[in-house]
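Colleague: In case it helps, TrEMBL gives these features for our protein:
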type: TRANSMEM; residues: B:9-31; note: transmembrane segment
type: DOMAIN; residues: B:103-496; note: domain 'ABC transmembrane type-1'
type: TRANSMEM; residues: B:109-130; note: transmembrane segment
type: TRANSMEM; residues: B:142-163; note: transmembrane segment
type: TRANSMEM; residues: B:175-192; note: transmembrane segment
type: TRANSMEM; residues: B:204-228; note: transmembrane segment
type: TRANSMEM; residues: B:234-253; note: transmembrane segment
type: TRANSMEM; residues: B:260-278; note: transmembrane segment
type: TRANSMEM; residues: B:284-307; note: transmembrane segment
type: TRANSMEM; residues: B:319-337; note: transmembrane segment
type: TRANSMEM; residues: B:373-392; note: transmembrane segment
type: TRANSMEM; residues: B:435-458; note: transmembrane segment
type: TRANSMEM; residues: B:478-503; note: transmembrane segment
Amino acid sequence: MSIRGKLFRKSLSGVAVLGVAALALTACTTTGSTDTNTDTASSGGTITVAVVNDFTSFNNQTPQANLDTNGQVGYLMGNYGSAFSYIDNEFNIVREEGFGTFEKTSDDPQTVTYTLNPENKWSDGEPVTADDMVLAWAIGAGYYNDSTVDADSGEVTTGTTYFEIAASTAGLDTTTFPEISEDNMSMTLVYGTPYVDWELVNPIAQPAHIVAKKAGLGSATELTELLQSLPKGDAANPVAADPTLKAAADFVNTGYDVTAFPTDPDLLVSSGPMVPTGWTPGQSFTLERNEFYVGGMIPKVDKVILRVIPDANAQVTALQNGEVDIINPQASADTLTALENTGADVLTGDQVSYDHLDLRFDQPVFADLAVRQAFLKTVPRQQILDSIVTPVNPDANVLNSQIWVPANAPYDDSVANNGSSAYDEVDIEGALELLAGATPSVRILYNTNNPNRVDEFQAIQESAAKAGITVVDAGSPDWSSLLEGGDYDASLFGWISPGVGSTGIAQIFSTDGGGNYNQYQGTNDDAILTQTTLDPDKLIEIEKRMDKQMFEDAYGLPLFQAPGVFGVSKRVSGVEYMGNQTGPFWNFWDWSVNE
Amino acid sequence: MVSFILRRILVSILILIAASFLMYVMVGYSAQPLQDLEGSNSPNKQQLIDARVALLDLDVPPPLRWVLWLGGVAKCAIPFANACDLGSTISNAQVVDILPNALAATVQLVTFALVLAILLGVTIGIITALRQYSGLDNTVTFVSFFLYSLPVFLVAVLLKEFIAIGFNDFLRDPVIGTGALVAIGIVVGAIWQSLLGGDRRRRLVVFLVSGLATSGVLLLMSATGWFMNPGLGPIPVILLVAAIALGAATLLAGLRNRRALITAGINGAIAIAAYFVLQPLFDVSSAGTLFILAIATIAVGLVSGFLAGGYDRGQNMRVGLVTALLSSAVVLVDRFMQSWGDLLAATNGRPIATVGSKTPGLSGDVWLAGLDTFVHLTLPIIALLLISFAGYTRYSRAGMLEVLSLDYIRTARAKGLPERTVIVRHAFRNMLIPLTTLVAFDVGALLGGAIITERIFAIPGMGSLFNAGLFRGDLNPVMGYFLIVAAMAITFNFLADMAYAGLDPRVRIR
């Protein structure tokens with residue numbers, strides 16, 4: 001009996017174990033969904049674009065998140081460069097009137113009115129109103145900041161910086177608190193001093209109702225009321241920070257920085273043509289069409305996927321293998337060859353960044369105009385172009401203007417008159433004549449880690465030697481920190497031309513401009529004048545005058561625009577070349593899938 | 001023993017701290033995190049520089065900044081406080097948040113590559129040692145040195161070109177040409193005849209049979225559209241499982257051991273039964289289900305071996321375990337293959353991927369997801385494998401040859417033990433001892449050393465993190481990478497020392 005009982009107990013416990021196991025097994029099963037494919041039912045299809053860097057933030061306008069991929073996502077989401085207007089690939093500002101309109105109603109004082117399309121909604125269904133524009137203005141203008149920053153540590157010593165932004169507050173900083181219309185659909189900005197780039201102001205950023213919620217306020221209107229009640233900040237007389245505005249600003253500054261796809265849907269609210277729907281960090285970012293968007297940039301495709309592929313050759317093979325449809329790799333002759341072998345469409349063109357040689361006017365060797373001219377005459381610009389750019393972009397030409405790139409309309413006219421033709425060919429004879437027996441020595445600062453700059457330096461060194469000019473290698477991997485106050489006579493590096501707008505001009509060509517490392521003073525008055533000139537024709541006239549003046553003074557020489565290359569799969573059409581940071585995304589609404 | 005372990009841990013921590021100081025200071029002085037801003041023509045350049053300096057404490061010189069950084073790291077030692085602070089990147093992401101993702105991606109990649117490299121490398125090393133100076137041995141020696149000398153970026157490009165793009169193009173019209181069939185048959189035949197050896201006649205027979213069989217099967221696969229709709233089907237599953245059961249019993253116990261044969265037979269039968277019975281369960285399976293089934297498989301293998309009894313139960317359990325695991329793998333592979341059609345549909349008919357570790361936006365059951373991971377990781381794993389496995393073949397071949405020449409092996413043979421027992425029981429185990437050190441080194445090295453592979457295959461792992469950080473002059477992610485990799489290297493070296501003492505009674509730890 002006892003044996004039977006033992007056996008019985010044993011088998012019972014065996015059954016119990018089996019039962020538990022079966023239970024666990026059923027608990028661990030799925031419902032057996034048959035819906036396994038990606039969404040192939042919808043009509044527009046999916047386009048995958050390779051990007052080099054991963055996404056880091058839904059707010060690309062902060063100093064830490066101002067990166068190419070974030071900007072491109074921002075462009076698709078409508079919070080950066082695509083609400084009231086966008087920039088096309090010929091660097092025209094194209095107004096997007098389906099979203100809203102803006103016009104300058106007065107020149108003195110400069111007054112601009114923005115009116116939204118009342119149909120506009122955020123992707124969570126809330127309407128887009130003037131509250132959103134006021135918030136964007138408050139962020140962009142730095143109106144409430146009253147901080148003083150310690151130059152060494154970068155820490156704020158007194159007062160408060162509310163919204164931290166990557167862009168400059170210049171321009172908007174002279175505006176007064178905007179006037180809001182009765183229907184809460186339009187906003188009027190009055191500038192204290194005229195602002196040349198007013199058309200580039202795009203007053204849509206983060207959704208005011210979300211920012212208000214995160215700051216503990218009830219609605220967007222309450223946020224506007226709060227902003228209205230606060231005085232303009234004055235760094236000389238800092239006051240205690242407003243806690244609510246500070247909370248709102250902190251959310252805008254860092255609340256959008258993410259390391260995984262947010263569980264909080266508030267971060268995904270967008271006013272633009274697309275909304276984010278997924279992100280696998282380091283791999284892919286997915287956006288889908290925003291059903292609430294009423295503007296003109298409605299995409300034909302249902303889904304745009306950004307695929308992170310850092311390596312240029314890996315981008316080419318991924319394109320060839322059909323994993324991505326559009327690539328924009330770092331351009332090199334090898335990449336171009338590989339790309340041409342894939343059978344994909346290849347688009348080449350100029351980028352907005354350009355290399356240039358600048359001479360320092362405060363160095364004794366360049367005090368004399370003849371020496372400057374002689375040195376510039378020896379610079380083999382065509383040879384440099386042929387060795388660096390032509391292999392990638394066979395149509396490239398030497399850049400001949402300090403102000404414009406060839407895509408800008410005034411470029412040709414300005415080049416014909418600015419005197420750049422004196423430097424078209426290397427002129428050793430002419431240089432020797434100008435030097436009249438002198439054998440100056442020139443130290444050139446450049447980035448030794450950049451092979452292109454090294455090539456440029458060597459070409460210049462070799463050519464200048466023929467005219468008796470000794471070019472000394474002052475290159476350094478630390479070149480950027482040496483630009484200001486380093487020990488050199490000339491520098492070789494790149495600027496990024498915005499392609500559109502004129503704020504960069506004062507920055508580089510005015511005497512006190514932060515980018516004027518050359519102590520050049522010849523165009524100071526004109527450069528400052530450009531910033532307040534509202535008449536476009538007059539502006540071009542001033543800029544042409546500056547362009548000419550700089551070649552007369554032998555300021556330096558622009559060399560070439562960096563080449564760019566896109567590879568586009570045959571299954572996609574509508575992609576066009578664009579040289580600025582938006583890259584292939586600039587006309588995403590024209591993309592379609594051929595099938 | 002305990003004092004040894006404590007001493008080692010203490011010394012390891014000190015080494016880690018000192019090494020982190022060197023690394024921090026060297027990278028800190030050479031990195032230029034402000035370069036992109038200093039060369040910018042933005043009107044508010046200074047303000048942007050201030051913001052970054054404030055974010056990353058760049059005004060503090062690197063040796064002092066290291067102290068600040070170490071203070072944050074020290075908080076990791078507080079248990080359960082979740083207070084770890086490894087600093088943030090230039091784009092304001094906490095390193096603590098991005099490290100786990102990167103680590104997971106690398107571990108996923110490296111584990112498979114390492115396990116496969118060890119299995120393949122050791123097996124091939126032993127086989128070549130047993131057939132020393134044969135055609136096979138010479139060929140494998142040549143091939144492994146050839147692979148050993150190849151740079152990974154070249155291997156990667158070749159793999160992408162031929163295996164990914166080539167195979168995907170092949171899938172558009174999956175018919176193998178006659179020329180290719182003949183060539184494959186000849187190569188396979190040549191490999192088999194040299195593996196099995198024997199006199200000339202036997203070699204010729206092996207060559208013909210294996211070559212023709214391979215070509216025939218391929219012809220059948222290509223004619224029936226197998227590549228578009230793959231699967232093993234009941235008869236191949238039964239045959240494969242039977243072969244596995246027989247093989248495991250032969251290799252581990254010898255065919256004369258009836259109990260082992262019974263164990264293998266039981267496990268094979270259970271696997272075949274499971275193949276027919278469990279299909280409905282597989283259709284609704286999640287990863288959890290598979291985990292439970294894996295545990296059940298292991299239990300069945302061990303228990304059946306134990307119950308089969310006999311004087312060597314341990315041996316039976318091993319036979320049972322190996323048979324159970326391998327034959328259930330066959331059943332799983334068959335089920336994974338059934339999801340191939342879904343994967344083809346989701347990838348526009350081009351399944352083998354060259355970048356990333358998953359298809360964006362793909363949602364599906366565990367089978368589809370598993371297959372998707374497989375087609376993404378195949379190429380990087382092969383790239384890592386081809387290079388690291390070469391080393392293992394060399395070490396295991398040399399180790400086997402050395403052990404086989406020892407006196408105790410001659411004694412074993414002299415007392416009449418079968419060759420199988422001599423190799424598997426006596427030689428094989430002792431040969432493995434030196435390999436433990438190698439494996440331990442490789443785990444540490446592979447975790448940090450897949451930088452190029454990760455870049456070429458766009459896998460966001462530790463190597464990518466390090467590379468991107470160094471490129472931008474972003475010190476904190478670089479240090480996060482360093483911390484993990486250095487800790488791993490130290491830990492695994494420590495484990496190797498311990499394992500050595502455990503495996504080899506001649507080694508003592510004090």
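Even glycines carry a Cβ here, placed using N, Cα and C.
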Colleague: Sequence-remote contacts (6 or more beyond its ends) of the transmembrane segment (B:260-278), Cβ cut-off under 8 Å?
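Modeller: Same-chain contacts beyond the flanks: 234, 237-238, 241-242, 244-246, 248-249, 252-254, 293, 300-301, 304-305, 308, 310, 315-317, 319-320, 323-324, 327-328, 330-331, 334.
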Colleague: Is it the case that the transmembrane segment (B:478-503) and the transmembrane segment (B:204-228) touch, counting contact as three or more CB pairs under 8 Å in which the residues of each pair are 6 or more positions apart?
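Modeller: They do not touch: fewer than three Cβ pairs between the two stretches lie under 8 Å.
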Colleague: Using a Cβ cut-off of under 8 Å, list the residues of the same chain at least 6 residues beyond the transmembrane segment (B:284-307) that approach it.
Modeller: 263, 266-267, 270, 278, 313, 316-325, 328, 332, 365-367
Colleague: Where else in the chain does the transmembrane segment (B:142-163) make close Cβ contacts, counting only residues six or more beyond its ends and a cut-off under 8 Å?
Modeller: 124, 352, 354, 378-380, 382-384, 386-387, 389-391, 393-394, 452-453, 456-457
Colleague: Sort out the residues at least 6 away from either end of the transmembrane segment (B:373-392), same chain, that have Cβ-Cβ distances under 8 Å to it, and list them.
Modeller: 108-110, 112-114, 116-118, 120-122, 124-125, 144-145, 147-148, 150, 152, 155-156, 159-160, 163-164, 336, 343, 351-354, 356-359, 435, 438, 442, 446, 450, 453-454, 456-457, 459
Colleague: If we skip the immediate neighbours and take only residues 6+ beyond the ends of the transmembrane segment (B:109-130), which ones have a Cβ under 8 Å from one of its Cβ atoms?
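Modeller: Same-chain contacts beyond the ends: 136-137, 140-141, 144, 195, 357, 377, 380-381, 384-385, 388-401, 404, 423, 428, 431-432, 435, 439, 442-443, 446-447, 450, 453-454, 459, 461.
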Colleague: Give the nonlocal contacts of the transmembrane segment (B:175-192) in its own chain as ranges (CB under 8 Å, at least six residues past its ends).
Modeller: 136, 206-208, 210-212, 214-215, 218-219, 221-222
